[in-house]
């Protein structure tokens with residue numbers, strides 16, 4: 001049988017699924033539940049709606065950058081983003097029977113909707129760069145750049161995940177680890193950093209002149225797509241990290257026994273598995 005990402009055995013999947021992921025899944029449902037996650041989906045949709053409104057403003061005041069309205073380009077990802085939100089709402093019904101999978105359900109759908117939000121940002125960044133380079137040249141350069149990055153990330157995930165699953169090497173995802181460190185740092189020092197930046201902005205003379213400088217404006221328009229490209233790499237890293245949940249779902253009971261969690265902790269008090277265990 002051909003070795004793929006989806007036909008691995010339990011033993012092979014254990015090369016990719018980490019104890020940390022299982023622990024995070026348990027801590028997530030214990031500490032956060034899922035109501036705040038639902039609010040998170042609607043918050044992302046609100047930001048996407050705001051970007052759509054910016055697209056309308058751009059069409060009315062800056063003219064169409066292409067033969068199609070910017071608002072139309074923004075509307076397509078917005079409409080697609082509604083689908084993972086609805087899908088997650090449906091999957092929350094499964095949580096009462098599969099408590100430990102709440103983290104996986106959330107990240108799976110959030111990855112899709114954040115991808116839609118990111119596409120909106122990429123489109124706007126390319127529109128901005130095209131104001132400097134011209135529509136044809138600007139669009140061609142950055143679209144090819146993102147297509148190349150997407151292909152490279154696909155090959156990275158496929159090859160590294162297969163090597164990890166079939167025991168050839170460990171799966172390395174440094175960007176996901178960096179985000180873990182960044183979140184930890186932000187919780188400890190984020191407020192102090194923001195305060196320091198505010199003080200520097202308040203007392204630094206001539207800061208507003210930067211925004212009126214043509215050179216800085218041009219560099220900003222050309223550099224914004226590169227910022228979005230960096231964000232794309234981080235987004236893929238998070239999606240790859242959450243792929244562990246696929247195998248956790250596939251071998252749910254096996255991983256419970258291997259992790260030494262009780263049926264109540266793993267599935268929840270309201271689950272069918274827990275109720276059936278009480279009858280034995």
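Yeah, the Cβs are placed from backbone N, Cα and C, and that goes for glycine too.
Residues or ranges marked as transmembrane segment in TrEMBL: 34-54 (among others). Using a Cβ-Cβ cut-off under 8 Å and counting only residues 6 or more beyond its ends in the same chain, the transmembrane segment (34-54) has close neighbours at 71, 74-75, 77-78, 81-82, 84-85, 88-89, 92, 95, 102, 106, 109-110, 113-114, 116-117, 120-121, 124.
What TrEMBL lists as transmembrane segment is 66-90 (among others).
As annotated by TrEMBL, transmembrane segment applies to 110-127 (among others). Within the same chain, residues 37, 40-41, 44-45, 47-48, 51-52, 54-55, 58, 65, 70, 73-74, 77-78, 80-81, 83-85, 88, 138-139, 142-143, 146, 224-225, 227-228, 231-232, 235, 238-239, 242 sit at least 6 positions outside the transmembrane segment (110-127) and bring their C-beta atoms closer than 8 Å to a C-beta of that stretch.
Feature annotation from TrEMBL assigns transmembrane segment to 133-151 (among others). Sequence-distant neighbours of the transmembrane segment (133-151) (same chain, 6+ residues past either end, Cβ-Cβ under 8 Å): 65-66, 122, 125-126, 222, 225, 229, 232-233.
The transmembrane segment feature in TrEMBL is assigned to 189-207 (among others).
Sequence annotations record features per position, and here TrEMBL assigns transmembrane segment to 219-240 (among others).
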